[in-house]
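Asker: Just dropping this structure here.
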Amino acid sequence: MLTRENTVNLLAAVLLLAAPLAANAFGQPFYVTLATRIAILALAALGLNLALGLGGLVSFGHAAFFGIGGYAAGILSSHALSYEPMIFGLPGTVQMPIIWIVAVIAAGLVALAIGAISLRTSGVYFIMITLAFAQMVYYFAISWPAYGGEDGLSILVRNQFPGINTMKPLSFFFVSYVVLLVGIGLFSLIRASRFGAALQAARQNETRVATVGIHPYRIRLTGFVISAMITALAGALYADLNRFVSPSMLSWHMSGELIVLIILGGTGRLFGPLAGAALYVAFEFALGGLTERWQFFLGLILLGVVLFARGGLLGLLAGKARHG
Amino acid sequence: MTIALALEQLLNGIQLGVMLFLMAAGLTLIFGVMGLINLAHGSLYMVGAFACATVAAWTGSFWLGLIASLACAAAAGAIVELAVIRRLYDRDHLDQVLATFALILIFSEGTRWLFGDFPLYLDIPPLLQGIVNLPGDASYPVYRLAIIAVGALIALGLYLLIGKTRLGMRIRAGESDREMIGALGVDIRTLYTLVFALGSALAGLAGALVGALQSVQVGMGEPVLILAFVVIVIGGIGSIKGALYGALLVGITDTLGRFLLPQLLAVFVDPSQAGMIGGAMASMLIYVVMAVILAVKPRGLFPPAHA
């Protein structure tokens, strides 16, 4: 059905595809990279949106999963390039599909542990605890010297995808774009499923969910883990985009930025993360070109959005969300 | 390992704990009374440190700097409360997190704008330089002991303020029932501004005191802020008593962990490995402690009765 929101969504998806194609045609690969950055950040925020938008779980620690995805890419490729086996004698790899699987599983397991403890609490406690656990991962990455510690880890050659030359900016954009679309599709399937309904119901009224015989804790934990997995996938792509992974991907600033992306775009909306990421990268690019202190103005804009424009960009373009 | 070294580390732990208490007390007070989660508390810590360093450099007096840090942080807190924070009391925690995250960006970049990228340095006042000898051949800097003393005094002061004064009575009333105290004719808006300024002043004081031990730079408040979060989560959000015990627990666990874990592991593996693994484990130790405490008591050690 072509509602106003669907039209806006379709337009956003087409724009994100058309912009880098045009940029490439005019010989401006920088803009292709910018579009790739938008797609990857949108995917990361999409993952968080599952927990935050649908489940109402304000995780201030999703940078942990983003960074775990990034480190999965970095560590696997560094082992593959140095021919040193990892633990249990397993070899490294430069194949993106395998890296993605490892990233998703690793982040899923960590999310299961963090979620199992954090979800015993709610509200402010949950925000602070997810933040604290992410810091734990962050400090671990800094103090563990095997993979670069504080200096991070370079990925010398971008990892490969079968049949595609990922070193070409446009090809890598296509990979990221398709993954983002699959992510959006998955999000929309989950939202429409029985599980998605239960997750949203647990946000709206926990007691009623429990009354009809659904355990809110399990639903939330599942949602939290899936959410972390999607964000980790984005992290693996992000490391490949920059060909570099460092503890800054795990920092709490990153967690904050992911939440900001969602809010700029519109909480719980299917294309909110994409709209938010596009807006954010555009701010960063436009303001960053004008002043070194662009974060100052980002702060002011963000403050304005939170205080006065709560629907975000999609709220502005596509009207209010149809169901809360 | 000698007794002297262990004693020194223990005192370092207490000193860190006292600093964390100054931060955590403000955070937990603000949450308890206004129900607000304030990420920008670390920025007020930074404001205090910068105010102290600047005024100390102008006047040559650390003490004037200390007064300036209290005044500036309290003023900055009051302004922020009036301009932004009071619009957030009725919002959900997500909005509060985002708005105060935005405030961090504004404070950090604004400070960089004013003071540049280079750190400032703050000297320990002559009166507190030097070391004292402790039993068992240990020695310890006077300044750090003074910080511990200040922290103890503030803890006592807060206890008296909240337990024994009229303002404290209103604060406690505000914690248990916000609407009722407003209905009884207490000017709740002014009370909120006061509480916020008080918490900010404590954070500013902590920043100034630590500024003389480390360099004064943008972003200095953030690691402390997150530790303070751990403290209040462990202690029970809204409880000053919990903040005190939580702060000491976190301070001592962190310091002793970094000191003892590598040595403990050296018994089992070779020393270079032990240093590496021990260091990495020590940096995670307080979070593990937090996880264990939350697994047993999800609302912290001293949850406020009404929450």
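Glycine too: its Cβ is placed from the backbone N, Cα and C atoms.
For reference, TrEMBL lists these features for the protein:
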type     : residues  : note
SIGNAL   : A:1-25    : signal peptide
TRANSMEM : A:37-57   : transmembrane segment
TRANSMEM : A:64-83   : transmembrane segment
TRANSMEM : A:98-117  : transmembrane segment
TRANSMEM : A:124-147 : transmembrane segment
TRANSMEM : A:170-190 : transmembrane segment
TRANSMEM : A:221-239 : transmembrane segment
TRANSMEM : A:259-283 : transmembrane segment
TRANSMEM : A:295-318 : transmembrane segment
Asker: Within this structure, do the transmembrane segment (A:98-117) and the transmembrane segment (A:37-57) have 3 or more Cβ pairs under 8 angstroms, counting pairs 6 or more apart in sequence?
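Answerer: Checked: the transmembrane segment (A:37-57) vs the transmembrane segment (A:98-117), no contact.
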Asker: Between the stretches A:64-83, A:98-117, A:124-147, A:259-283, which wins on the count of C-beta pairs under 8 angstroms to the transmembrane segment (A:295-318)?
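Answerer: Maximum Cβ contact count belongs to A:259-283.
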Asker: Could you check if the transmembrane segment (A:221-239) is in contact with the transmembrane segment (A:259-283), meaning 3+ Cβ pairs under 8 Å among residue pairs at least 6 apart in sequence?
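Answerer: These two stretches do not touch.
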Asker: Is the transmembrane segment (A:64-83) in contact with the transmembrane segment (A:124-147), using three or more Cβ pairs under 8 angstroms as the rule and ignoring pairs under 6 apart in sequence?
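Answerer: Since 3 or more Cβ pairs under 8 Å link them, the transmembrane segment (A:124-147) and the transmembrane segment (A:64-83) do come into contact.
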